[in-house]
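What follows is one structure encoded as structure tokens, with my remarks underneath.
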Amino acid sequence: MSEKLYPVLPEAKKNTLIDNETYLEWYEESVSDPDGFWAKHGRRIDWFKPFTKVKNTDFNGDVTIKWYEDGVTNVSYNCIDRHLKSRGDKVAIIWEGDNPYIDKKITYRELYENVCRMANVLKKHGVKKGDRVTIYLPMIPEAAYAMLACARIGAVHSVVFAGFSPEALAGRIVDCESTFVITADEGVRGGKPVALKENTDTAIDIAAKQYVMVNKVLVVRRTGGKVSWGRGRDLWYHQEVASVEPHCEPEPMNAEDPLFILYTSGSTGKPKGVLHTTGGYLVYASMTHQYVFDYHDGEIYWCTADVGWVTGHSYIVYGPLANGATTLMFEGVPNFPDQGRFWEVVDKHHVNIFYTAPTALRALMGAGDEFVTRSSRSTLRLLGSVGEPINPEAWEWYYNVVGDQKCPIVDTWWQTENGGILITPLPGATDLKPGSATRPFFGVKPVLVDNEGNVQECVADGNLCISDSWPGQMRTVYGDHKRFIETYFSTYKGMYFSGDGCRRDEDGYYWITGRVDDVLNISGHRLGTAEIESALVSHHSVSEAAVVGYPHPIKGQGIYCYVTLMTGADAQDPDELRKELVQHVRKEIGPIATPDKIQFAPGLPKTRSGKIMRRILRKIAEDEFGALGDTSTLADRGVVDDLIENRQNKK
């Protein structure tokens, strides 16, 4: 735990939008008079019909969350049309390809035409307001066009990360009954092609077996690679957009009409479709983008996330574009052609604000400082971190080496469910402590609760809950409101439970300590242990599996799998079987879920009632088996001795 304090930099204080006095004043107003505060800030976006109701939320009973519910607007209009008069020729998106010699600049006027054309293609093929459109694209401008085109006509987009497998894609198509998919022939990552169209074809076949029929597939030509073609179903994007008008009227949308579904891992079963709506989400995404990054007009802003994750939704596309910013989209990876790529892009495009994940920073830190110091990075003014808690060592490296001690770091905590940043420093207002997300954003009321539900005051450790709503909050789990209530509002009554543990220090700063449920945070991305376990058990050699996390020097958490084999399967070569299981999990979920350690075991530690004692598995995976705690309920102590003897993570 770092106790170092970095006071607000004089340079950051000079031109800041929010100083400490303003922060304290606004925060007080936001929690004592949320209606008044959010009415004022709700007007930061344009409304076709202004709202008269601001907040209508209840975390008890059936849980209702409504913001600006009688207002009418359109997200695409707010991200594009309203900027055309004053900044039509300003660059909206800088696209930096995987290949360092390929890039593209798209102005707001060009963005308008591209989005309108894609919107008209969707309409031409029968997509209507409320229909779900699945987007399975690499990090190319067409991914942003597709999202904004859906928003323009009132279709609900479900973006699936292009690194997910056909099986994972199919599950998401089936869950939201999507009949229109937008994909590319291939993606390119680190110089290697990714077979997106082939994956899409496989996913559509899987979905059809579950009675969800995809009627149309719009295919962007990215590489020109060979693809199979479904006559009457598959459409080339470049041919389709050439045949439609570059103008499309934005659909008037109620503030509570759905904007998008984004699937995220839970502690049980299949991923859940997080549903975000229109008005409150855009108010919150744009407001957090402006104040957390202290964004000033004319600055170049780069968030390195993928649009397949919520960070890409809120802080590559919707937040920056609603603010008329220039946002950079990066197709590549941090280590191609080498580990200096990020900093070369910063110099090439004169990036002022840079937002990335601790896992990338740890990997780059390990590669050595010379990859950083050979670039100038002189345009950088602000650094950000997202996806998982940043360890103080990586924070210090980021501050000293990347930022040359002249850039504040905003270490932001939030989740897919939150729509935008909840706990964060503000660069001109907050003294920084390496490893701490510091203080809540306006309107956010964090509460620490012990396992019995008692609220902890002052300096404390506990489960992180939020006691009142904010405009960017998810409204439900798509098609399963009961699961929404059970997951987030049943553990601690009347509060949203984040699933994270947290410590509050003597200065009121918050330190996120990691998940307290069965969800792993791998390289800043959430994966449910249940998801990985069911992938393992679907292999014919596996009888039972349990998955836990363990500390990993680069990824934050690694994936440790305990596997019990079917009778007879143990005759196989264990190393070969390990490789086979790794490939099997990658096929079922995607490379992001690649197991780091697989331990074969004759049995798993269970209570007499048959419950797996995960606490013990975690301790063994962490090589901390000396303090297993109370094992009196164990049905068979011998199982634990075997696990300790054969552990895969011996230090």
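Quick reminder: no glycine exception, Cβ is built from N, Cα and C everywhere.
What Swiss-Prot lists as CoA binding site is ARG189, GLY190, GLY191, LYS192, THR311, ASN335, SER523, ARG586. THR311 (CoA binding site) falls within a helix when secondary structure is assigned with DSSP.
According to Swiss-Prot, the ATP binding site annotation covers GLY387, GLU388, PRO389, ASP411, THR412, TRP413, TRP414, GLN415, THR416, ASP500, ARG515, ARG526. The Cβ of GLY387 (ATP binding site) lies under 8 Å from the Cβ of ALA305, THR311, ALA357, PRO358, THR359, ASN521, SER523, GLY524, HIS525, each of these being in the same chain and 6 or more residues away along the sequence.
Taking all protein chains in view, 19 other C-beta atoms sit within 10 angstroms of the C-beta of HIS539 (Mg(2+) binding site). HIS539 (Mg(2+) binding site) carries neither a helix nor a strand DSSP state and counts as coil. Here Swiss-Prot flags VAL537, HIS539, VAL542 as Mg(2+) binding site.
According to Swiss-Prot, the N6-acetyllysine annotation covers LYS611. All chains included, 11 other C-beta atoms sit within 10 angstroms of the C-beta of LYS611 (N6-acetyllysine). The secondary structure of LYS611 (N6-acetyllysine), as reduced to three states from DSSP, is coil rather than helix or strand.
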| said: Checking the contact step here: among the recorded positions PRO389, HIS539, LYS611, which have a Cα within 10 Å of the Cα of GLY191 (CoA binding site)? | reply: none
| query | When the Cα of THR412 (ATP binding site) is compared with the Cα of each of the binding-site residues GLY190, LYS192, ASN335, VAL537, HIS539, which one is closest? | reply | ASN335
| note | Among PRO389, VAL542, LYS611, i.e. the recorded positions, the one with its Cα nearest that of ARG586 (CoA binding site) is VAL542
| Distance [Cα-Cα, Å, rounded] between GLY190 (CoA binding site) and TRP414 (ATP binding site) | 29
| message | Considering Cα atoms only, can you say which of TRP414, HIS539, VAL542 is the nearest neighbour of LYS611 (N6-acetyllysine) among these binding-site residues? | response | VAL542
| query | How big is the Cα-to-Cα gap, in Å, between ARG189 (CoA binding site) and THR416 (ATP binding site)? | reply | 24
